[in-house]
Every structure is written in C-alpha cells, then in structure tokens.
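Feature annotations, courtesy of TrEMBL:
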DOMAIN    5-124  domain 'Neutral/alkaline non-lysosomal ceramidase N-terminal'
BINDING   GLU56, TYR97  Zn(2+) binding site
DOMAIN    130-295  domain 'Neutral/alkaline non-lysosomal ceramidase C-terminal'
REGION    308-344  region 'Disordered'
COMPBIAS  326-344  compositional bias 'Basic residues'
Amino acid sequence: FLAEIITLPSQEDRACQAPKNILLRPNQIRETVFPTILGFQMMRVGQLIVAAVPGEFTTMAGKVTREAIKAVLVEPGLVNQSATVVLNNVASGYAGYVTTLEEYQHQRYEGGFTTYGPYTHAAMTDILVQMAEDLADGKQSYPGIKPQLPNKAEQWEMKQVILDDPPIGGKFGDVKVDVSPGPHWPGDTVRCTLWGAHPRNHLQRNSSFGTVWRWQPTNESDLTAGGKWQLAADDSDYDTMFHWKREGISASLVTIDWTIPDNAPGGWYTIHYSGHANRGGQISAISGACGLFEVREAEHMMPSLPDQFVIPPPQSVDVPDMPLPRPRRPRRPPSGRALRGARK
C-alpha cells in the first residue's frame, strides 16, 4: 500500500529538481498535494496593477516579476513610471514558495519548498508578462484549463468538527491549570489552561479566542469604590499566544499565554477564553476565565493593600456574556528581603 503512495525518485525527478535532494516521491497523492493546474489573474485600476498568483514569492522574485510586468505596460503608455504593481500571493490556490533561480541554488527554506523546480519563477513570470501584454493590447487572455477543485476527500477534511465534549464531570470553560496569582512583573509570562473546543468551529473573525482584562477602579486612591474591566490585550497582540490541543477523543484544552509588556500598568488582571463547541451539529458559544492575578509595574513598587481587601465583582463588562471568576483575596505583599530572595 505504501509503495503505491510513496516511491523512490527517478532520475528524471532528480534532474528536474536539482540541486534539491529528493528523499521520496509521492505517487497517488501527487495530484492532491501538488496541483498541476494553477490559476493567475491580472487587473488594472488606473495606475494600480494587481497580479494574483498562487505562490509565495520571495522579496527578490517579487521585485523581478513586478518590474517585468510594469515594463510591458509602460512601453505602450497604458501606465506611467509612477504606476504600482502589486503581487497578491497565495490567490486561487497554493503552489508553495517561488524563488529566483539564484535563490533556488542555495536550497534554504524557501528554495527547498519551491515545489516545481528551479524554473518556477521564470515560468510564472512569463505567464504574467503574457497577460500584461494582452492587457496592454486590450484583449482577453486565453483562459486555458480551469484549476481543479478539491475532491470529495479534501472537502471532507475541510468540514466542521464532528463533536466537542466537555471534560468528564466538568463543563466547557472550566479551568484546568490556573494562573499564579502573583505578583508578576513586566517580562513575566502568565499562563492559563482551560477546557475548550476545536477552534475550527468558529474562527472568531473580528474577535479573539483569548483576551486579557484589567480591573480599572473608579477611584485609584480607593480601590474598594468599584470599577470596571478594560481590555488590555487580545490574541492579535505580539504578547499573547493561543494554543489548542485535542485531549482524548473529543475534548479540547486551550492555553492562553500573556507576556506582560514593559508598559503594562499595575493592577489586577484576568485572562478570558471565548470559543464555540460543536454538540452534535449544533454550534454554540462557550467561554471561561482564569482567576485574578496581580501585576506590578516594577519590583520596588510595593502597593500596600488591606489584609481583607477583595476586588468587588464587576457590575458590567465590555464583552457580552463574559463570565468572570469570583475575585479572591490577594496574598499579603512580601517583605523586601523575602522578595529579593525569591527573585534570585
């Protein structure tokens, strides 16, 4: 069975990809992994030319191709030298990386993943130049053969998750590993792991899987006077990371990391998770939050808090249906000597 899928490369394969070293050659899966028909598009809006290509062009490969396209369109006066050519990468398909012939010889990451050999860039540039010539002449480019659509097996792989289950004896959003209450300082990384669901159920467009919230007191001099939660970071920030892994057959664990930035104001924070679970075909929103943790702006800053001080539960939040943990009593601030010893 494996021999039908993967075999040793032939001399023709080696010559086609040289100087790339080929370990194995895909047989039956070649059409699935490496498409043989690729689509290209080109359009012009005034002095803007957009070329849609199925590969990822390196910086130098893109520069060479853009200059070739522009030269074709400038010569008949269709555009002038101020025109801009944009390569829209990974459009209408995926063909791996596209490097120049010189870059391909080094076989670094991009060259090694230039799937169609050393002349991939020259071939794609030639196609785009021909399309630019047709555009300059005002005629339609020959459409050629339409790119292949994914087969049924590939479409099945792209379908929604079949089932998500909460942990045995628990529910979605329960905390498995809570964040340390602190205190934490800029540069520290706090982490919280919760029971969630597969992120492919809902991609959270214009939203986030993981967010960090800071309790903003109404009166900074009187922390017991109330306040509200304010968004401090989400999973689009460089300081946050969202991890997902399947636990068992259908349960999921999500882990949210936050590396505290240098400019983070001191105070009390929490990490919140938002997701969607597939329960027998029904997609429903789920959420959870870790406990509170303290952030201090610098080691020498030791805020004095009353022993019995507890952050009051928030009266309103900025995210609908955002369940937050019940605030817990912070630990007494350590002495300066104990703090210096702990940091060492």
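The backbone N, Cα and C atoms fix where each Cβ goes, glycine too.
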Surrounding CB atoms that lie within 10 Å of the CB of GLU56 (Zn(2+) binding site), all protein chains: 19
The domain 'Neutral/alkaline non-lysosomal ceramidase N-terminal' (5-124), counted residue by residue under DSSP: helix, strand, coil: 43 helix, 25 strand, 52 coil
Cβ neighbours of TYR97 (Zn(2+) binding site) where a neighbour is any other Cβ within 10 Å: 21
